[in-house]
Amino acid sequence: MTRILGIDPGSRVTGYGIVDDGRPTRLVTEGTLRLPRQAGLAERLGRIFDGLAELIAEHRPQEVALEQVFVHRNADTALKLGHARGAALTACVQAGLPVAEYAPARIKQAIAGSGRADKTQVGYMVRALLRLRTSPAEDAADALAAALCHAHHRSAPLTAATTGARR
């Protein structure tokens, strides 16, 4: 059984979700790192790094699935998102974890059957696939979707090699 950490990076809210990939796939934990608006970017990035490093130390995932940056109309927003991803990647690399990156559309396709699925559809499918009583917060659901997408690609390596999964 492989423990997978999914991360949905954001400069204000970073979602995380950890699953054990088995039969059935099982939720370990999920949540969000909420970063104060009044904090500067450097402080928020430090909190992302520290929060994920603590989560990794506590739950000992073996692999990481990280959502790739999507093209954003606002360059400043895209740069901040890129910085948040960098803080998340650094926490994972410092822990010696292999990281697979997936495009948002690839994650949605794997979880909801459509690369254009909305957040409600993704949340519903995450809840159904993990047999949860309630839906996780949006950012945590997106992180769990990344982890589930990675679990799917792990079980179908040829598919992963041909659909854009990057390690």
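Placed from the backbone N, Cα and C atoms, the Cβ positions cover glycine too.
Of all Cβ atoms in the protein chains displayed, 27 besides its own lie within 10 Å of the Cβ of Asp8 (active site). The active site annotation in Swiss-Prot covers Asp8 (among others) and rests on sequence analysis.
If you look up Swiss-Prot, you'll see Glu67 (among others) marked as active site. Secondary structure from DSSP puts Glu67 (active site) in a beta strand.
Summarising the annotation, Swiss-Prot assigns active site to Asp139 (among others). The DSSP secondary structure for Asp139 (active site) is helix.
Classification of Asp8 (active site) by DSSP places it within a strand. According to Swiss-Prot, the feature Mg(2+) 1 binding site maps to Asp8, Asp139.
According to Swiss-Prot, the feature Mg(2+) 2 binding site maps to Glu67.
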Can you tell me the CA-to-CA distance separating Asp139 (active site) and Glu67 (active site), as a whole number of Å?
11
